[in-house]
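Taking it in order: structure first as structure tokens, then the write-up.
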Amino acid sequence: MIRHDGRRPAARKSSLDGLYWEDRPHPARPGHSHSLRAGTESEVYDDGTNTFFWRAHTLTVLFILTCSLGYVTLLEETPQDTTYNAKRGIVASILVFLCFGVTQAKDGPFSRPHPAYWRFWLCVSVVYELFLIFILFQTVHDGRQFMKFIDPKLGVPLPERDYGGNCLIYDPGNQTDPFHNLWDKMDGFVPAHFLGWYIKTLVIRDWWMCMMISVMFEFLEYSLEHQLPNFSECWWDHWIMDVLVCNGMGIYCGMMTLKWLSMKPYQWQGLWNIPTYRGKMKRIAFQFTPYSWVKFEWKPASNLRRWLAVCGIIFVFLLAELNTFYLKFVLWMPPEHYLVLLRLVFFVNVGGVAMREIYDFMDDSQIHKKLGQQAWMVAAITVTEFLIVAKYDPHTLTLPLPFYVAQCWILGIVIVLIWTAWRFFIRDITLRYKEIRRQKQEYKNEEEEKQRNGEAMSERNASKQKKL
């Protein structure tokens, strides 16, 4: 368990430390049991050293911000370019909001490498959601042309690349390079897929859920290739390159990392309490590793609430994945544009916090009585992105599914509904009925046994009276 002493500030006691996967067990509360997590929490030993690095710097940030604004106002001449002034004013407003949020926002569940880092990404998520709301309230033409305000190269329709075509792994017709189809797929997205699923595994912390999301997304690509051309891929690109090689290896490496994190000791010393330079460098490197560890046990089949929660997590996860492709399609952004990469970096940083908050809310509702702030923002962002797609290109989004695809999805949904009804309703009713029958039979057997014992006792008493 965690050893606290008087030197640790209250702000650090209330925060959980971690970069993605890092957790701290909940502080004990009177009358609250932690038996549900007794086998999943790691022990942490900390000497409680409080350094300058961990202290609040609200006045320092306010002083620097005031000096910067004063310099721009009093000493810098305002340019006459209206567009430049508008851009600089928007950027300055965002920076002021970020400074306020980083110093004053409520801490989330993580605080490694520093609590301010996670408060920064919470504020970025608010800014991104406000930007999406602004885009949502524009006309389709104005919204697409507004992207030129960010980058003049945007606002131009771009053709989507078709990944289908010739699906022969070995093309005998090409004498120069018969494996050209295979090499064409070896682009920058291959390591991106691997790294993406490695990080997703660290976020979700469950092999079953990761594989379900990975396989289901490939089925979604099959189902929606008539809407987005870049969903059209060869069969071996779907199941070998993506599921087995990139996604599978990423999930495997992620699970090995999670296993190591669950087994390593968590003992922390202040930097100046470590005598050797090698130890100090090692301590600095470990600042970017988990403070402690909590293993996620989703247990989707344990009860109906957890099952619906896990299904909802998978649904939102898949919707966020689809939004990546549909947003750049409706806003005319090329896949290699830096805005697409920034969005992925954003979700990498906020996804781990959101998933931890969802797990806490689902697993320990007595302490976490409401959904966490970052999870709330991620859910709102995902829904807003989908609404932008629905508004900007309803024709593409409403293209009917091919008949055989629709049949497959209907069959899959029916199977899930039947299993849900059987697992959480019919099975429980059957088990309850069997238990009632067993109890009635036991009661009946006890009554018959009592009756037989009574009759035997009566016969013995009667025989005794006859002998007398």
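Backbone N, Cα and C define each Cβ position, glycine as well.
Across the compositional bias 'Basic and acidic residues' (442-462), the DSSP tally of helix, strand and coil residues reads 21 helix, 0 strand, 0 coil. The compositional bias 'Basic and acidic residues' annotation in TrEMBL covers 442-462.
Feature annotation from TrEMBL assigns region 'Disordered' to 442-468.
The transmembrane segment feature in TrEMBL is assigned to 52-74 (among others).
Residues or ranges marked as transmembrane segment by TrEMBL: 86-105 (among others).
Taken from TrEMBL, the feature transmembrane segment applies to 117-137 (among others).
The transmembrane segment feature in TrEMBL is assigned to 207-224 (among others).
Among the features that TrEMBL reports, transmembrane segment is placed at 239-258 (among others).
What TrEMBL lists as transmembrane segment is 307-326 (among others). Within the same chain, residues 209, 212-213, 216-217, 220, 224, 228, 230-231, 298, 300-301, 340, 343-344, 347, 355, 358, 362, 378-379, 382, 385-386, 389, 393, 397, 420, 423-424 sit at least 6 positions outside the transmembrane segment (307-326) and bring their C-beta atoms closer than 8 Å to a C-beta of that stretch.
With a threshold of 8 Å between CB atoms, the same-chain residues lying at least 6 positions outside the transmembrane segment (338-355) that come near it are 18-21, 108-110, 118, 121-122, 124-125, 128, 150-151, 196, 199-200, 202-205, 313, 320, 324, 327-328, 372, 374-375, 377-379. According to TrEMBL, the feature transmembrane segment maps to 338-355 (among others).
The transmembrane segment annotation in TrEMBL covers 375-392 (among others).
Look at TrEMBL and you will find 404-425 (among others) tagged as transmembrane segment.
With Cβ pairs under 8 Å as the measure, the transmembrane segment (375-392) is packed most heavily against 117-137, out of 52-74, 117-137, 207-224, 239-258, 404-425. Comparison of 86-105, 117-137, 207-224, 404-425 by number of C-beta pairs under 8 angstroms to the transmembrane segment (52-74) places 86-105 first.
The transmembrane segment (207-224) shares the most Cβ pairs under 8 Å with 404-425, out of the stretches 86-105, 117-137, 404-425.
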